[in-house]
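Notes follow once the structure below has been shown.
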Number of protein chains: 4
Amino acid sequence: MRVGVIGHKGYVGLPAILGTLLDIAPGLGLTLLFEQDLWEIAEEGEKLETPEQVDALFTLGGDGTLLRGARFLNGRTVPILGINLGRLGFLTACSGEEFEQGVRRFAAGDFVSEPRMALESCALNRDGIERCSWLSLNDVVLHKGGFARVVKFTVFVDDEAIGSYSADGLVVSTPTGSTGYSLSAGGPIVVPTVESIVLTPVSPHTLAMRPLVLPPQVEVKVRADDGPEELLVTIDGQVGTTFTGGETLVVRKARNAVQIVRFPGTTFFTRLRRKLGWGGLSERDGETI
Amino acid sequence: MRVGVIGHKGYVGLPAILGTLLDIAPGLGLTLLFEQDLWEIAEEGEKLETPEQVDALFTLGGDGTLLRGARFLNGRTVPILGINLGRLGFLTACSGEEFEQGVRRFAAGDFVSEPRMALESCALNRDGIERCSWLSLNDVVLHKGGFARVVKFTVFVDDEAIGSYSADGLVVSTPTGSTGYSLSAGGPIVVPTVESIVLTPVSPHTLAMRPLVLPPQVEVKVRADDGPEELLVTIDGQVGTTFTGGETLVVRKARNAVQIVRFPGTTFFTRLRRKLGWGGLSERDGETI
Amino acid sequence: MRVGVIGHKGYVGLPAILGTLLDIAPGLGLTLLFEQDLWEIAEEGEKLETPEQVDALFTLGGDGTLLRGARFLNGRTVPILGINLGRLGFLTACSGEEFEQGVRRFAAGDFVSEPRMALESCALNRDGIERCSWLSLNDVVLHKGGFARVVKFTVFVDDEAIGSYSADGLVVSTPTGSTGYSLSAGGPIVVPTVESIVLTPVSPHTLAMRPLVLPPQVEVKVRADDGPEELLVTIDGQVGTTFTGGETLVVRKARNAVQIVRFPGTTFFTRLRRKLGWGGLSERDGETI
Amino acid sequence: MRVGVIGHKGYVGLPAILGTLLDIAPGLGLTLLFEQDLWEIAEEGEKLETPEQVDALFTLGGDGTLLRGARFLNGRTVPILGINLGRLGFLTACSGEEFEQGVRRFAAGDFVSEPRMALESCALNRDGIERCSWLSLNDVVLHKGGFARVVKFTVFVDDEAIGSYSADGLVVSTPTGSTGYSLSAGGPIVVPTVESIVLTPVSPHTLAMRPLVLPPQVEVKVRADDGPEELLVTIDGQVGTTFTGGETLVVRKARNAVQIVRFPGTTFFTRLRRKLGWGGLSERDGETI
C-alpha cells in the first residue's frame with residue numbers, strides 16, 4: 001500500500017516519528033511518500049505530489065494538519081489516519097504515543113473508515129465566471145477584512161433568497177466543522193452523521209438571526225452587496241482569497257466524502273467533553289445551600 | 001373521504017367556518033366527523049372519537065391545534081390540513097379567508113403531503129416500568145416545576161452517558177419543533193427535511209453547554225437525579241406529567257411521520273421571515289455614516 | 001461582639017466546626033447566637049431569633065447559606081463572614097480549613113467589609129395592595145410554573161412600559177446575582193461594584209430580547225398579563241410565592257447594602273475563573289495546525 | 001454662539017439642509033463653521049478646523065456622523081446636536097424634517113444636554129511606547145485581520161491578568177456603544193447612565209467566555225500574544241491602526257464626557273424598540289392554541 005505522509009513541522013517530536021515510520025513501513029508493506037517539507041527531514045522515500053499517487057494518507061500534527069490533508073486529496077476517497085502530535089483532536093485517530101500501534105492496526109486493516117461530508121465551493125466574479133474553487137472538510141467562511149464594519153450579504157438556498165443581512169461574516173459549515181469556527185460564532189454542535197450544511201452568522205447586526213441547519217443537497221449562494229469593503233473567503237481557516245462586492249460564493253456538498261480512520265475507543269461525545277468541557281456539572285451547582 | 005375536524009373554540013370565526021364546511025362537504029364527497037366540542041357547535045355530523053375513523057384531518061385554529069391533531073392521530077398516517085384562524089403559522093396550510101378554496105383543492109387532491117418526523121416518548125419509573133407514553137410533533141421537554149432551582153439530569157444517547165448537568169430543563173425537539181421552544185432556549189433552526197433530534201438545554205448552569213443535533217435513529221434517555229425536586233414532562237407544550245428523581249424519560253423517532261398538507265406558495269424560509277423576522281436587514285445598518 | 005451563626009446541616013463537617021467555634025469564641029470576645037437547627041447541634045449558646053440581636057453574622061455552608069443569612073438580616077448592616085464548607089464560593093470569605101484563622105482575623109478587625117447592593121421587592125395584588133415583600137442579594141425571578149408555556153408580562157421602568165413579551169420568565173438581578181441564574185439565562189457578568197439592576201429574560205419567544213443593565217435607582221415593575229397560568233416569584237432561588245395574572249411585582253434597590261467580609265487574596269476575577277472556567281484558553285486553540 | 005457643522009455627503013437632502021441652516025443662523029445668533037467637505041457645498045461661512053473654535057457642534061447624518069463629531073471634539077465639552085438624515089438613530093436628537101425646529105430650540109437653550117461617558121485608548125509598542133491614541137464614544141475593538149483565525153490575547157484589568165483567550169476579537173465598549181458592535185457580538189444592552197466599561201469577546205474559542213461589565217474607573221489592557229497574525233484596532237468602527245503581537249492596547253474612561261443634545265420625547269427604551277425591535281411580542285405567541 002502506498003501511503004502519503006504530510007505533517008506540521010512545528011512539533012518537536014516529528015523527526016522521531018518519521019524515523020520510526022521509516023523503520024516499520026517495509027515490514028508492514030507500506031511504501032511512504034512524503035510531502036516536500038517532510039521529505040527534507042526524512043531524507044529518503046518518494047515525494048508526494050498528487051493525490052493519485054496514494055492509497056492512504058497519514059497526517060502528523062493536529063486536526064488542522066488533517067484538514068490540510070483532506071484538501072490535498074481533493075476528493076480522492078482514500079482513508080486518512082490522523083496522528084495527533086498535540087492535544088486530543090476531534091479528527092485524529094491516535095496520539096503520538098500510540099502512533100506505532102495505530103500504524104500497525106491500520107496496515108492490518110483493523111480500523112473503521114468514517115465517511116465525513118465535505119464541501120465544494122467556488123467564487124464567481126461579477127460576470128458569473130468561476131475564478132477559484134476549493135474543497136473543505138470543516139467550513140467556508142465569508143468574512144469582512146480590514147477596517148470595514150458593515151458588510152451586507154444576501155443568502156440564497158437553491159436560488160431562493162432567504163435573507164439579506166449585515167454581519168461580520170457567515171460560516172458555511174459541515175457537521176465536522178460544527179465544533180470549529182461555527183461553534184465560536186454561536187452555532188449548534190451537529191453530530192457528524194447528521195448530513196447537513198450549517199449556516200452560522202458571525203456577529204450579525206440584527207438580533208433575529210439564528211444558526212440554520214440545511215439539508216445536505218442544497219446549493220448555498222452568498223452574494224456580497226456592492227461596496228468598497230474588503231472581504232475574505234477562508235477555507236478551513238487555512239487558505240482563501242479576497243472577495244469583492246458583487247461577487248458570489250457558491251457552496252454545495254462535495255461529491256465524495258472524506259474517509260477518516262477511527263479505532264474503537266473514544267466516541268464523539270467523549271471528545272466533546274474532553275476538548276470543550278461540554279456537558280460537565282458546573283461549579284454553580286453547589287450554590288444554593 | 002371521511003374527514004375528522006378538530007378546532008379551537010377560542011376563535012370568533014369558528015362557527016361560520018363550520019357552517020361553510022358543512023355546506024360544501026357533501027358536494028366534495030367529504031363526510032365530516034367532529035370532536036365533541038365542535039360537534040356541539042355544528043349540531044350535525046358524526047362524532048370523532050378514534051383516529052381509525054378518518055382518512056384525513058382538518059384542524060381549525062393555529063399551529064397548536066394542528067399539534068393537538070397530530071397527537072390525536074397517534075401515528076395514523078393520514079394528511080392533516082391546518083386552517084389558520086389566527087396569524088400565519090409554521091404548520092397550517094391556509095388562512096381562514098382561503099379556507100374554502102383550500103378545502104376544495106384538498107378534496108381534488110391538489111396538494112402536497114409533507115412528511116414530518118415525530119417523536120415517541122415514555123416515562124419509566126424507578127423500576128424501569130413504563131407509566132406514560134406520548135407522540136409529539138414538536139418537542140418533549142423535561143423542566144423543573146415549582147420553586148426548585150437546581151435540577152440535575154444525566155443524558156444518554158444510545159445508552160452512552162453524554163453529559164450530566166444542572167439546568168432549568170432540556171428540550172428534545174424534532175426539526176419541526178426547532179422553531180418553537182427549542183429556539184427560545186437558544187437552539188438552531190433546523191429545516192424540516194433534515195431528520196434529526198435536537199437537544200437544547202434550558203438555562204444550563206455550566207457555560208459550556210450548547211445545543212446538539214443528533215441523528216434521528218438514536219434513542220435519547222434523560223434520567224433525573226435523585227432529589228426532592230418537582231419536575232414536569234411537557235409534550236408539545238400542551239400535555240404532560242409530573243416526574244420525580246430517579247425516573248427516566250425515553251425519546252426516539254416515531255415509527256410514522258406526520259403528514260402535513262401544503263399548497264404551493266410560501267416556503268419554509270418565507271414563514272421564517274414573517275413569523276420570526278429572521279434574516280432582515282436591521283436598523284443598525286444605517287449607523288456608521 | 002455578639003455573632004449570629006447560621007448554617008446548612010447537610011455538610012458533614014458542621015458539628016466539628018461548631019465545636020471549634022464554641023472553643024475559641026470566648027477568648028476572642030465573641031458571644032455566639034445560633035439559629036434553631038444549629039442550636040440543637042451546638043447544645044449551648046443563645047438562640048438567634050432577630051437581626052437586632054447581633055453585631056455580625058457567620059454563615060456555615062456555601063453561597064446559598066450566605067444568601068439566606070443576608071435575607072435574615074433584612075437590611076441590618078452588620079458584616080457577614082461566609083465560611084465555605086463546600087467548593088469555592090463567590091460570596092464566602094474562607095474555606096472550612098481556613099475557618100479558625102478566618103474567625104480570628106475577623107475578631108481582630110483584620111478584614112475588608114465589601115458592600116453589596118441588594119434588592120427589595122414586593123408583590124401587589126390586582127388592587128395594588130402589597131401582599132408580600134422580600135430582600136434579596138442575588139435576584140428576584142418571575143417564572144412560569146406548572147405546564148403553562150406561554151406567559152406574557154409587561155415590564156415597566158420608572159412607570160414607562162419598556163416591553164411586553166412572552167417567555168418562561170424574567171430575572172431581576174443585582175450585580176452579585178449576575179453570576180447566578182441570570183448568567184444561566186444568558187446575562188452578562190457584572191462586577192459587584194457596578195451598581196445596577198440587570199434584567200435577563202428566560203427563554204423569550206421573540207429573538208430580539210437581550211439582557212438589559214439598568215441604573216440602580218430605577219423602580220422595575222413586572223405585570224403578568226391576565227390568564228389562567230400559574231406563575232412563581234422566587235427570591236434568591238430559595239423562597240417565594242405563587243403569582244397570578246394581573247398581579248404586579250415591584251423591585252428596587254434595597255435601602256442598605258449587605259456587608260460581605262473579605263480577606264485579601266482571591267479577587268473577583270480569580271473566583272470567576274475557578275468557578276466558571278471563565279477566560280481560559282480552550283482546547284480549540286490547537287486546531288489550526 | 002459659534003457652531004461647528006459636520007456632515008455626511010452621502011445624503012441627498014444635505015445641500016437643502018445646509019441652505020436652510022445658513023438662512024436661519026444669523027437670526028438665531030449662530031455663527032457657522034463648516035468642515036472642508038461641507039464648506040465646499042455651503043460656499044460661505046468659516047472653515048472648521050479645531051475643536052477650540054466652537055461652542056457647539058451640529059452633525060448632519062446618522063449616529064456614525066455624530067460619533068465622528070465626538071471624536072473631532074476630542075474631549076472639548078460642548079453640546080452636540082445630531083440631525084438625523086437617515087433612519088432614527090440612538091444618538092441623534094431630531095430628524096431632518098424636524099431640523100429647523102430643532103435648531104431653533106437649541107439656540108433658545110430649550111434642550112437637555114446628556115453626558116455620555118467616552119473612552120480614551122492608546123496603542124503601546126513592544127517597548128511600552130505610546131504610538132497612537134484615540135477618543136471614542138462607542139467602542140474600541142481589537143480584531144483579527146486577514147486570513148488568521150487564531151488570535152490570542154491576555155486581558156488585564158488594573159494590571160490583574162483576568163483571562164487569556166483566543167477569539168476573533170474583543171470589544172471594549174461604553175454604555176453608548178453597547179447597542180452597537182458589542183450587541184452584535186452578544187453583549188448586554190447597558191442604559192447610558194450606568195457608567196461602565198463593557199468587554200465583549202467576538203467569537204471566542206472557549207465556550208465559557210461571557211460579556212463582562214466593569215466599573216468605569218478601571219484601566220483595561222489587552223496584550224496580543226506574539227505571533228505573525230495581522231491585527232486591527234478599530235475606533236467606533238471608523239478609524240484605527242494595524243497592531244502586532246506583543247503590542248498592548250490600553251483603554252480607560254475619557255476625562256470628559258461627550259454632551260449629547262436631547263429634546264424631550266422619545267426615551268432610550270423607545271429608541272431600543274424602534275431600532276432593534278426589542279421587547280415586542282413575537283409571532284410565536286399565537287402558537288399554542
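Heads up, the Cβ atoms here are built off N, Cα and C, so glycines get one too.
Automated prediction, rather than curation, is the source of TrEMBL annotations.
Positions annotated as NAD(+) binding site by TrEMBL: A:D63, A:G64, A:R68, A:N138, A:D139, A:R149, A:D168, A:T179, A:G180, A:Y181, A:S182, A:L183, A:S184, A:Q238. Neighbours of A:D139 (NAD(+) binding site), defined as other CB atoms within 10 A of its CB across all chains, total 28.
The Cβ of A:D63 (NAD(+) binding site) lies under 8 Å from the Cβ of A:G82, A:G89, A:F90, A:L91, A:T92, each on the same chain and at least six residues away in sequence. The active site, proton acceptor annotation in TrEMBL covers A:D63.
By a Cβ separation below 8 angstroms, chain D lies close to these of the binding-site residues A:D63, A:R68, A:D139, A:G180, A:S182, A:S184: A:S184. A:S182 (NAD(+) binding site) has a Cβ environment of 27 other Cβ atoms inside 10 Å. For A:R68 (NAD(+) binding site), other Cβ atoms within 10 Å of its Cβ number 21. A distance below 8 A between C-beta atoms marks A:D63, A:G180 as the binding-site residues from A:D63, A:R68, A:D168, A:G180, A:S182 lying next to chain C. Other Cβ atoms within 10 Å of the Cβ of A:S184 (NAD(+) binding site) number 25 in total over all chains. For A:D168 (NAD(+) binding site), the same-chain residues that are 6 or more apart in sequence and have a Cβ closer than 8 Å to its Cβ are A:H143, A:K144, A:V151, A:V202, A:S203.
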